Amino acid sequence: MELELDLGDLDLDVDLDADAEPAEPRYSPEQLANAKGTVGVISLGCSKNTVDSEQMLGRFVREGYLLVADPLEADLLVVNTCGFIADAERESRESIDEMAHIKQLYPHKKLIVTGCLSQRYGAKLLEDHPQIDLLLGAGHYDTLIPLLEAKAPQTVDHVTEPDAAASHDVPRLITTGESSAYVKIAEGCNNSCTFCIIPKLRGPFRSRTLDDIAAEVALLTDEGCHELILVSQDTTWYGRDLPQRSSLTELLQRILASCEAPWIRMLYLYPTLVKKELLQLIAREDRLLPYFDIPLQHADSQVLKRMQRSERLETVRQLVKDVRASVPDAILRSTFIVGFPGESEAEFQTLLDFIQESQLDWVGVFTYSDEQGTAAYDLPDKVDARVAEARRDQLMALQQPITSARLQRWVGEIVAVLVESYDEEHACFVGRFWAQAPEVDGQVLIQCNEELEMGIFVPVAITQVLGYDLYGDLLEVDDLPPDEELA
């Protein structure tokens, strides 16, 4: 069951003014009287958490609750947290505090906290935030509404071991617009990266079945979704844990047979599992976007060894060559960590050299976050935070002109752009073409003199590069060159 929801309904619009009045109600008195209550949700963290939030919202709607964007209108304040690194934890705790402040102003409201932060800290989170009425971890969201509606008094802490990824028959309110949706193909992770706490929070890798995913993508595309974005902690590991062993390649073939979505994108591909069979399939099938999101984390062999990653400098070099040889129009995106314990100037220079050599299309850079509970937390030779930040800035300064140069090849080309929003500041419509993933990459700014419908493909002639974005003119479909298709 898939429904659509405007993004504004997912993230609460917070105003901490003690004298603030609720915004103009979006529901009639009759609707409010017939509803079980009103719910507002703050969803933090990654795309996998977004899917969890969408399923929570779907369950609330199915059970007769109304969704609101203004927390002053909400009877239930839900914060779905992220606890991956220090910055994410800080944002989650600030959001909890903001909702707790509103609860103090309006004591009848209930504050529910879910997600990775509650999975990580459990009862300790209740000590830090005593205003919480109900605490759930990273999963078992099917128990949320029964716990809230139970007649007998309930304990607050209901954090348990995480469960499997929810199936397609769980109601879900899509928050990413009518044209694009994340498809979570698995839960958990089997890798042992020393910097990462996710396996402790989300458990081991558990794949959804081929049938279940096929049913979901068919439903999504039947309802007008043009872009399916496959996500998990390690998308290339898919199917290896199933009783009847499968693979990402088999899943992709099943998805192609199950739906007509023109864009099928994969995120979080573990480098050592990007094999020839997968590359050949992507090269062969036009609907499988040749967009490779492969988090490499570093390029120096010794740093990778301390991170407990399988690859080494020569293997990551070879991977880039293999992808481009097999899929000539491939877009390569990766993320890197700088300031990992023991990272020397020479090891950092190896990373800089790799960035210059590999000419990746998109790069994200993070400073190492020293997380208690990870193996890296106990490593010696911690890098000073100021040094790590300087290295991050240096790496991004190196990558920016590379990205701009890679984008230049699109100038003069006509591309199909998926229209997603209108930018008031620049007075233009905004969308993405196939080489841009949502939220993490640049966008296409569309110059036109007409109103465009959201969620459709339009032909755009790219005229210039603006930082990480592209700028272009809207064309009529009749202006497309022969054999040019929109998707």
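Cβ coordinates come from backbone N, Cα and C, glycine included.
Listed in Swiss-Prot:
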- Cys46, Cys82, Cys116: [4Fe-4S] cluster 1 binding site (BINDING)
- Cys189, Cys193, Cys196: [4Fe-4S] cluster 2 binding site (BINDING)
- 37-153: domain 'MTTase N-terminal' (DOMAIN)
- 175-406: domain 'Radical SAM core' (DOMAIN)
- 408-476: domain 'TRAM' (DOMAIN)
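A Cα-Cα distance of 14 Å separates Cys189 ([4Fe-4S] cluster 2 binding site) from Cys116 ([4Fe-4S] cluster 1 binding site). Note: the [4Fe-4S] cluster 2 site is recorded as Cys189, Cys193, Cys196; in the same chain, Asn191, Ser192, Phe195, Ile197, Ile198, Pro199, Gln233 also have Cβ atoms within 8 Å of that site's Cβ centroid. Helix, strand and coil content of the domain 'TRAM' (408-476), in residues and according to DSSP, is 1 helix, 35 strand, 33 coil. Excluding Cys46, Cys82, Cys116, which define the [4Fe-4S] cluster 1 site, the same chain contributes Leu44, Gly45, Lys48, Asn49, Thr81, Gly83, Phe84, Ala88, Gly115, Leu117 within 8 Å (Cβ to the Cβ centroid), listed in sequence order. There are 22 other CB atoms within 10 A of the CB of Cys196 ([4Fe-4S] cluster 2 binding site), with all protein chains counted.
Rounded to a whole value, the Cα-Cα separation of Cys46 ([4Fe-4S] cluster 1 binding site) and Cys193 ([4Fe-4S] cluster 2 binding site) is 18 Å.
Helix, strand and coil counts from DSSP across the domain 'MTTase N-terminal' (37-153) read 60 helix, 24 strand, 33 coil. Spacing of Cys196 ([4Fe-4S] cluster 2 binding site) relative to Cys116 ([4Fe-4S] cluster 1 binding site) is 13 Å (Cα to Cα, whole number). Across the domain 'Radical SAM core' (175-406), mean pLDDT in this model comes to 97. Within the group of binding-site residues (Cys46, Cys82, Cys116, Cys189, Cys193), the Cβ with the highest number of other Cβ atoms inside 10 Å belongs to Cys116.
When the alpha carbons of Cys193 ([4Fe-4S] cluster 2 binding site) and Cys82 ([4Fe-4S] cluster 1 binding site) are compared, the span between them is 18 angstrom.
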